[in-house]
Amino acid sequence: MADWARAQSPGAVEEILDRENKRMADNLASKVTRLKSLALDIDKDAEDQNRYLDGMDSDFTSMTGLLTGSVKRFSTMARSGRDNRKLLCGMAVGLIVAFFILSYFLSRART
């Protein structure tokens, strides 16, 4: 950068400044290329994540429908009378026991 101060003729100063300008333009072009590549990578990643989130949204929507139906059936069964309350309690205890047994076997399978 200080080479232009040592130049003897005005033509040499212009040549040195021109070379420095080209070098800086090349550096700028390489930085712009890297930024463009980075922006494209971010865009691709954002699109992938949006697709993933859309898939999760449809999964949660279907799960919500399934759980809503189960809760309605469970509520109907709970309101149906005293005879079914023993059955309901037995089913609840059975589901809890099944959950703990399943979690025990899954934890043993991982270790």
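For all residues, glycine too, the Cβ spot is worked out from N, Cα and C.
Taken verbatim from Swiss-Prot:
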type: DOMAIN; residues: 15-77; note: domain 't-SNARE coiled-coil homology'
type: MOD_RES; residues: Ser9; note: phosphoserine
type: MOD_RES; residues: Ser37; note: phosphoserine
type: TOPO_DOM; residues: 1-86; note: topological domain 'Cytoplasmic'
type: TOPO_DOM; residues: 108-111; note: topological domain 'Lumenal'
type: TRANSMEM; residues: 87-107; note: transmembrane segment
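On the 0 to 100 pLDDT scale, the model's mean across the topological domain 'Cytoplasmic' (1-86) is 84. Taken through DSSP, the topological domain 'Cytoplasmic' (1-86) splits into 78 helix, 0 strand, 8 coil. Put simply, Ser9 (phosphoserine) is 42 Å from Ser37 (phosphoserine) when counted between their Cα atoms. A simple way to gauge crowding: the CB of Ser37 (phosphoserine) has 10 other CB atoms within 10 angstroms, across all the protein chains here.
In the structure as shown, the Cβ atom of Ser9 (phosphoserine) sits within 10 Å of 8 other Cβ atoms.
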